[in-house]
Amino acid sequence: MDNLDPNSSLQVEKLRNRKSRAVWQNNNTTTHNNPYANLSTGEKSRSRHNTGSSYVSPYGGGNGEENAYTGNNNKSNTSGNLLQVPGAGGGGDLNSNKKQSRRMSIHVSARQHGRSFSQTGPIDMANLPALPKIGGVTTSGVGGAGGDVMTRTGGLTIEQKIFKELSQGSAAEVDDYYKTLLKQKNLITRDIKDNINQNQKNILQLTKDLKETQEELIELRGTTKELYEVLGYFKESAQRRLELEFEPETQKELHSPQKSNQLGIPSNKKKDRSSIMVLKKMWDSQLQSLFKHVDGASKFVQPLPNRHIVAESGRWFEVNVGNWKPSYPTHLFIFNDLILIAVKKSSSSSQEPTTGGSNGGSKSRLQAVQCWPLTQVSLQQIKSPKKDDDKMYFINLKSKSLSYVYSTDRYDHFVKVTEAFNKGRNEMIQSERLLDSRLSSPSNNNGDSKEEKRQLRESLRNSGNYKEGVTDDAGGAATGGGRKSAGTPNRNSTDYVLHDISARVHSRNRSQDLGNNFKLANNGKSQFFNEIKTLEDRLDDVDVEISHNQYAEAVELISIIESKLRNIENALTNQRNGGKNVNIADELLLLDVSKLKIKNRKENVSNGLIFDLQHNIAKLKQDDIDNILTLFDNLEQLDRGVQGYLDSMSAYLSTTVSKLIVGLQGSTKIDVVNYLSNLMVINVSIVKRTIQTYEQIIAPILKRHGDVDSSGLINWCIDEFTKLCKQIKKHLYGTLLISSGINMETDEPIYKVKERKLYDNFLKIMQPQLEELKSVGLNVDYIFESILNLE
């Protein structure tokens, strides 16, 4: 191009003075890069997608590069603003040159305006992902330290294909190849995402496995520690026993001549009691293992002191009495005071009793379903009506309203369960009898107050037969320097003391009657004495009525006896105040003793009435409650009767509500709303019933005594609904309510409604119930204000 003719120079000058220039000549730089050919130079490219190679400038860049369209090595000796047509120096078709110029104009314009397939930055060839196999294209991984990605099509890499094939190709071919690379990129991106997701899942699973392993190791560590402790206890116990057994002969000889040992009195040698500690430790371990392996056992069994498992058996099946076929694998746990029934959650256990058992089914967890105290259930062996069930053993568990039949194929398991049940039940019955005898013993009776003992001592002093040490404030009796009678174990009781006093007074009076019979008859002393004695004997009839739970007859007899004793006391008082020289000390003493006996009978009657209220309140009708409270009024203990009635209603309310709690575990939000609605309805109905009973029965009795105070009832209602409000908040929080902060004034959490629809449904149940309370004169809206006004 150095030897241009003058005509060519003139033509160049005309082109230079053109008013309209091509788009790519708006840039004043000397070099014009093809957007498809700048990858190898490291410059920024705005191509559609990095194709891995670069194009040589088709219109001469002044850098000695070969023209990609003409193959000529054109040197530019003119300004970069000249309009140079590709291939102008080498001839060629003018139309094709115009097409090439237009195509390059489009691409350069797209590059300048940042549109279409242009890019904004260089491509990092070292971090390109591996391309998947598509058609005949094969990919090679990252090799060596450089990690060049090789995509071969017929043995050519991407760069080689661009330089050798696409450099002479059209824009359509370049665009097609770009689309091919774009598909490869999408496939690679998808594979990368899939690999990332899979790796994340593997990491999560590994984390979960590690956590479970850690928990098992911690549990194993604790179990091992407990095992070493128990082994240590056993070792210490064995060492102590060996020391006691192999005691030196000299020590045995020192103990042998003692009279205490010859008389059978145990020596003061220190005993080994470590086995008790080991036993309690084993019992605690059993309960912990039960709570761990039996779901729901903690709801039925409380870890009380000395509660332990006596026997357990898993070779049982619950029997359908309709067809006498086994239905559910069952595990029986016999405690010293309870019997717990558990079933397997999984249904994959064996259904045949001959093949099923604790080891025959799947290793599924147990679910506790029933639990009764041993004294409230009976266990009996029954026989199946089928003749082919001779090898099976059946038992029937009966409670008040439920009955279950269980079967086993093992006689040893049958014997183990029945013997453990009978042993535990008999021990419980015996302990309850001992407890009842202690409670009913007058030495522990609430009626033995200090005032009664003081009156008894005064009566004894007045009679002249008082001895120091007969009674003390602790309720014991020690006569004559602290000696106790070993023949009568209940001699220290108040009843025995009262009976002894009565007997001595009777004996003394009879001896006086023999010597002064006529004199006593003249002053009327024998008449009063005999009347008091007759009335005192009628107290035995009161005891008979109390033992038969005939409290109305007992109260009637007590009222008659009290009335007659009151008349006798008035007559004796009139004689003493009349100035007559009459000795009535014996009559007054016997009268005081009779009063104390009557007071004890009243206490026994009131205890029986309280027992009926507490245990039969759900079955008692209005007339029965009226009779009980009337009896309390006749005994002059109306306050105790009213309080006992309110306490029994509280216990009945708690028992009724506790039956709903079992079904709440693991429930949904709708179940929580239903539970709280039932809770509200039950509380309102029972409180409403209590208020109506109070107004119909108790209020008229109080009115007869001139007392119209009902503050006790109001306080009871407020306490019950305060507990209900706390319970409702407890279940609403986390399900329908969320906490949004703390109230600085009341130091209570501020709640907000999370599930508005369910919360409104609950309010639709709650508000009518509160309106029902207003119909009986009770307004407790202020207690539930924090729930009703939530937003």
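Quick reminder: no glycine exception, Cβ is built from N, Cα and C everywhere.
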Coiled coil per Swiss-Prot - which of 190-229, 470-509: 190-229
For the coiled coil (190-229), mean pLDDT (0 to 100): 92
Those residues of the chain, 6+ apart, with a Cβ under 8 Å from that of Lys193 (ubiquitin cross-link): none
Coarse DSSP state, helix versus strand versus coil, of Lys193 (ubiquitin cross-link): helix
